[in-house]
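Structure, as structure tokens:
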Amino acid sequence: MDDASTLIDVKEYPDTEVQKNRVLTLEEWREKWVDGKIGFHQEQGHQLLKKHLDTFLKGKNVLRVFFPLCGKAVEMKWFADRGHCVVGVEISELGIREFFTEQNLSYSEEPIMEIPGAKVFKSSSGNISLYCCNLFDLPRVNIGKFDRIWDRGALVAVNPGDRKCYTDIMLSLTRKGFRYLLAVLSYDPTKHPGPPFYVPDAEIKNLFGSTCNIHCLEKVDVFEERHKSWGIDYIVEKLYLLTEK
């Protein structure tokens with residue numbers, strides 16, 4: 001694993017067992033949207049993505065970009081406006097509808113025949129498709145392969161016991177020459193149960209190391225006042241670029 005030089009010294013906690021059995025249900029995630037408990041949403045977009053956008057896109061046009069657990073991420077509109085094709089998956093129908101409404105985008109919806117009760121929402125422009133379903137049901141649908149994956153708030157939200165299955169699905173969606181941008185969080189997992197969950201370097205290497213080159217682009221202190229209620233006194237975001245070995 002190749003680490004970028006940084007002034008931030010991040011303590012790694014080898015004992016991550018404290019969170020390994022933590023489980024949030026799909027209904028609990030839906031309730032967070034209904035109750036407006038979406039502190040993870042960034043109205044101005046993700047600053048590290050903006051900073052490293054050229055590294056991520058590498059000058060390519062008309063890419064297929066996948067957003068796992070997309071919520072109403074404003075970056076989906078950014079990529080679509082640049083001519084890329086965006087596909088996302090999100091369990092909250094409310095989150096998806098809010099995305100289209102807040103971005104002033106007209107859209108259509110239709111059932112996903114392979115997944116009972118699921119729907120796909122498509123922008124009228126045709127270059128944004130958001131699947132409202134359980135991410136782990138997604139392999140039942142042929143959504144194609146992707147040139148880029150922007151994983152922010154996804155791996156850190158997946159129940160720790162599901163990470164291997166999640167990673168297998170993500171990698172199954174990649175095209176040759178893919179670039180996968182991954183944002184994770186470091187904090188003391190003995191003080192906060194998650195989500196977002198603590199994902200150490202060793203876990204990333206374990207999940208992606210056999211198939212991907214792993215490069216840490218940046219580490220940033222993202223501690224805010226709201227984090228005090230979590231019982232922690234620091235939180236660091238790490239941005240990784242994963243590429244094909």
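Even glycines carry a Cβ here, placed using N, Cα and C.
So that you can see what the record holds, here are the features copied from Swiss-Prot:
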- 29-40, L69, E90, R152: S-adenosyl-L-methionine binding site (BINDING)
- F40: substrate binding site (BINDING)
- K58: N6-acetyllysine (MOD_RES)
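Between the C-alpha atoms of R152 (S-adenosyl-L-methionine binding site) and the residue listed as 'N6-acetyllysine', the distance comes to 19 Å. Every protein chain shown contributes to the tally, and the Cβ of the residue listed as 'N6-acetyllysine' ends up with 13 other Cβ atoms within 10 Å. Of all the Cβ atoms in the protein chains shown, 23 others lie within 10 Å of the Cβ of L69 (S-adenosyl-L-methionine binding site). For the binding-site residues E31, D35, the largest tally of other C-beta atoms within 10 A is found at E31. Annotation note: L69 (S-adenosyl-L-methionine binding site) sits in a coil segment as assigned by DSSP. Ranked by how many other Cβ atoms sit within 10 Å of their Cβ, the binding-site residues K37, R152 place K37 at the bottom. Residues within less than 8 Å, Cβ to Cβ, of W33 (S-adenosyl-L-methionine binding site) and separated from it by at least 6 positions along the same chain comprise S92, L94, G95. Cα of K58 (N6-acetyllysine) to Cα of W29 (S-adenosyl-L-methionine binding site): a span of 34 Å. When secondary structure is read from DSSP and collapsed to three states, R152 (S-adenosyl-L-methionine binding site) falls in the strand class. With a cut-off of 8 Å between CB atoms and residues at least 6 apart in sequence, the same chain places I91, S92, A157 near W29 (S-adenosyl-L-methionine binding site), listed in sequence order.
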